[in-house]
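Enquirer: Below you'll find the structure I mean.
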């Protein structure tokens, strides 16, 4: 009887244990266990087995979440993600891959590989990215079809002996030609540069230094926010040189809206959902409304319009693109003209202000660029100021964080790796410009004489501030004239120096804002600025 009782109790307990365990295993624990096993198998395949089976494919930088990949980290700090990838693979600088919302992105950081991909426009297409950028600015699918369409005889967009398009190119490639004619050295560039210089000359008069950038003032002294000052002066001059004065009558808050666009343009370039960018959406709407009104004005009221904008608007109209899409295309051109110049002007002045001796050197070197009447001859700045040129190139090396993007149209080999068609390539300027094998142990430091000591560095494959290949920026000549002209005029007209903070402490040098993807010159961290004391120069004419 006892043994039977023991057996009964034991069997009953075992049954209860099985029943309870079965209930336990049916709970979320089982689901989590299965998910973990599946995830582990995926990770083992992705980062261990697959690389062994496919040694010629670029390795994937490790990530935890399938599909999402590096997306969140990239949008928060693209530089950190790319640097982590380089470190993971021993900084070999072979192409590697990251994942952005399921899309495989190849990262190229080798100078030689960057040069190879830039030259091969047939395989590495800029056009695909340009389409994405145009759509980000609001250009519709129908307009894109028209913009990429080559005019054929009998079509409304075909005009025999077309003065704007004698070779009957599609609008996109025609616009690229218009850009080059306006911005490469020649008569049209000289006109645009002189227009900009005259506008800067007008703005940099002591009595006209006013607005939200002035923090304190007296008849002989003003304390100025360099960030707001460079934004205001440069934005007004570039915009008026392109469109004339009337746009500022149509939208008084033009500068603020343009700066909002410039700060958040990465969201446009990377297709960030509009629900997350309300301020950007509002700025684009206001700028678009001003442009639309501008386009409706009779030609005689658009006085001061530059050749590029005038020709481009007429070419768009002939193509048959509706006004809304023409506005979006023109807004993108406008933004591109401003995006790098404004921030670069801020950085050049910052580096000079934090080194008084360097500031005096540039002031002395650029002084002969002004005639006895105080007029600036900008070509002297470009041709006869080697120290200033070296400073310009070095600052551009340090602050340019552009990501060159290409679509791979055909499977191709880069170095030791095979890049598959249909994927995207990113060439980050920052990783090229800070390559320790090229720039040495002081690659992160500002060396004002770096390019003076070795001028060949300006043509090195690891120095690509203006891109390369078919997208080698034609605006590089105008940009340098604008920024150097702005800087030289400030040093000529005023005595400038760093202000002391209210608590008596010295100012901190502004930090680069690398918290979001960059598509050009990187701005400074939100909340940082440089306060400067400004007085009229004693010898100013």
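Every residue, even glycine, has its Cβ placed from backbone N, Cα and C.
Feature list, courtesy of TrEMBL:
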type: BINDING; residues: 473; note: heme binding site
type: TRANSMEM; residues: 24-42; note: transmembrane segment
type: TRANSMEM; residues: 333-354; note: transmembrane segment
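For each listed feature, how buried is it and what is near it?
Expert: Reduced to three states, the DSSP call for residue 473 (heme binding site) is coil.
Residues 66 of the same chain lie 6+ residues outside the transmembrane segment (24-42) yet bring a C-beta within less than 8 angstroms of a C-beta in it.
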Enquirer: Do any residues at least six apart in sequence from residue 473 (heme binding site), in the same chain, have a Cβ closer than 8 Å to its Cβ, and if so which, in order?
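Expert: Counting only residues 6 or more apart in sequence, the Cβ neighbours of residue 473 (heme binding site) under 8 Å are 466, 467, 479.
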